[in-house]
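Sequence annotations record features per position, and here Swiss-Prot assigns active site, proton acceptor to Lys179, His297 based on sequence analysis. According to Swiss-Prot, the substrate binding site annotation covers Asn127, Thr177, Lys181, Arg298, His330, Ser382, on the basis of sequence analysis. According to Swiss-Prot, the feature Mg(2+) binding site maps to Lys205, Asp207, Glu208, an assignment based on sequence analysis. The N6-carboxylysine feature in Swiss-Prot is assigned to Lys205. Residues annotated as site 'Transition state stabilizer' in Swiss-Prot: Lys337.
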Amino acid sequence: MPEDVQNRTRIKSERYESGVIPYAKMGYWDADYNVKDTDILALFRITPQPGVDPVEARAAVAGESSTATWTVVWTDLLTACDIYRAKAYRVDPVPGTSDQFFAYIAYECDLFEEGSLANLTASIIGNVFGFKAVKALRLEDMRIPYAYLKTFQGPATGVVVERERLDKFGRPLLGATVKPKLGLSGKNYGRVVYEGLAGGLDFLKDDENINSQPFMRWKERFLYCMEGVNRAAAATGEVKGSYLNITAATMEQMYERAEYAHSIGSVIVMIDLVIGYTAIQSMAIWARKYEMILHLHRAGNSTYARQKNHGINFRVICKWMRMCGVDHIHAGTVVGKLEGDPLMVKGFYNSLLLTHLKINLAEGLFFDMDWAALRKCVPVASGGIHCGQMHQLLYYLGDDVVLQFGGGTIGHPDGIQSGATANRVALESMVLARNEGRDYVGEGPEILRRAAATCGPLKAALDLWKDITFDYTSTDTPDFVEVATESR
């Protein structure tokens, strides 16, 4: 028996120090820890309770999100506890606050089951958010190591393959959500789909809460939607689609709906974030098997992602969903009706689209991270946007995005098809101006005005919505100021 083990186990009183010992003293705080390439790293914003030592608070978060309980247990000696303990290794004050701290915590990769987001999150966010020693806690960012990423499949389709299937390049994709989201009959619902696609959109979609209600059962909706898709595709010569929401009460029902959607020719299905991580991963595996695009609506995310000091930053959700394997996820608009600071949204989009992330504190990216060849996930911009904002949308969000104009299509005074045409003409006019090297952001309103001179639907839309903005201060704003570097 090794001498150190012999010494630890020889006398009962010397085996371990029993009782309640501060987490920092137990080894959950280690300022000298050398981070390994295989470590999973998490960045928490911690607000300790009054009177709680900040060092102890960050050690407590590390302990309660890994191996600790409230008292020392002798069974620690039966494990490689020194390895398996999470290590809080760095702490920084949050700029502009006196009681908040950024705590960097490293987790041994072997603490987590391969390819299981449910298991990863059971530790990282499972119990610690209710811990009394902290007044508030927010998971701001994570670095998932290459070795652990390779146990996840990532998006089944990704940006490049989706564009190839649709034969749409060099511009954002265009979509719309059927409105009203609830109450339409199947036939009227399908008519909305046809009108939007025939007018120039690439996609129509179900909203998050349309499943299989008494006014329209799911199979009826699927059939009428696909009739609209097929007729619009035949009329325009373009590949079209409609996101069919397969969200249901059980996995068996979701598989049934997904398989039926596939059997009638749909190229895309949709799920909601509220179905849970295991269900999302299961549907992503199914989508890859059947070569279907998988769209994820982030329903419910703001219940924990919007508040500044408690919950989970949405950039973490973006990373988790890319790991799970969804092809689309709603990720903010900047200019629409929903929460979205420009820099924060840029951080979300970069987390979904870049192959390698670099530290960018202004965007909320605290770690370098290689995505290990997982495919890109297409961000979706939806919620209170209209064609008069097209120059801003193109500037903030770029090409690899789905722009979804629900009310901005279906609320057009001349009808749904005119609304779709207005959006398509506005987008193509703005992309053309950008490709010509013009200042499309500064000249945006004038570019749209000139395009509207020969497009009645666009003129009507601009006249109707020209003064509509949602200029509210975002709740989640950057903690760090973006600094311009001097060019040399």
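Backbone N, Cα and C atoms are what each Cβ position is placed from, and that goes for glycine too.
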Per DSSP, three-state class assigned to Asp207 (Mg(2+) binding site): coil
Packing count at Ser382 (substrate binding site) (other Cβ atoms within 10 Å of its Cβ): 25
Distance [Cα-Cα, Å, rounded] between Asn127 (substrate binding site) and His297 (active site, proton acceptor): 26
Chain-internal residues, separated by at least six, CB under 8 A from Glu208 (Mg(2+) binding site): Lys181, Asn245, Thr247, Asp272, His297, Ala299
Cα distance (Å, whole number) from Arg298 (substrate binding site) to Lys205 (Mg(2+) binding site): 14
Listed recorded positions (Lys179, Lys181, Lys205, His297, His330), ranked by Cβ neighbours within 10 Å, top entry: Lys205
Residues within 8 Å of the Lys205, Asp207, Glu208 Cβ centre (excluding the Mg(2+) site residues themselves): Thr177, Val178, Lys181, Asp206, Asn209, Ile210, Tyr243, Asn245, Met270, His297
Recorded substrate site residues Asn127, Thr177, Lys181, Arg298, His330, Ser382, farthest C-alpha pair in Å: 37
Neighbour tally for Thr177 (substrate binding site), based on other Cβ positions within 10 Å of its Cβ: 25
Among Thr177, Lys179, His330, which are recorded as recorded positions, the nearest neighbour of Asp207 (Mg(2+) binding site) by Cα: Thr177
Rounded Cα separation (Å) that holds between Ser382 (substrate binding site) and Lys179 (active site, proton acceptor): 13
Residue pair Lys179 (active site, proton acceptor), Arg298 (substrate binding site) - Cα distance, angstrom, rounded: 18
Which same-chain residues, if any, lie at least 6 apart from Arg298 (substrate binding site) yet have Cβ under 8 Å of it: Leu273, Phe314, Ile317, Ile329, His330, Ala331
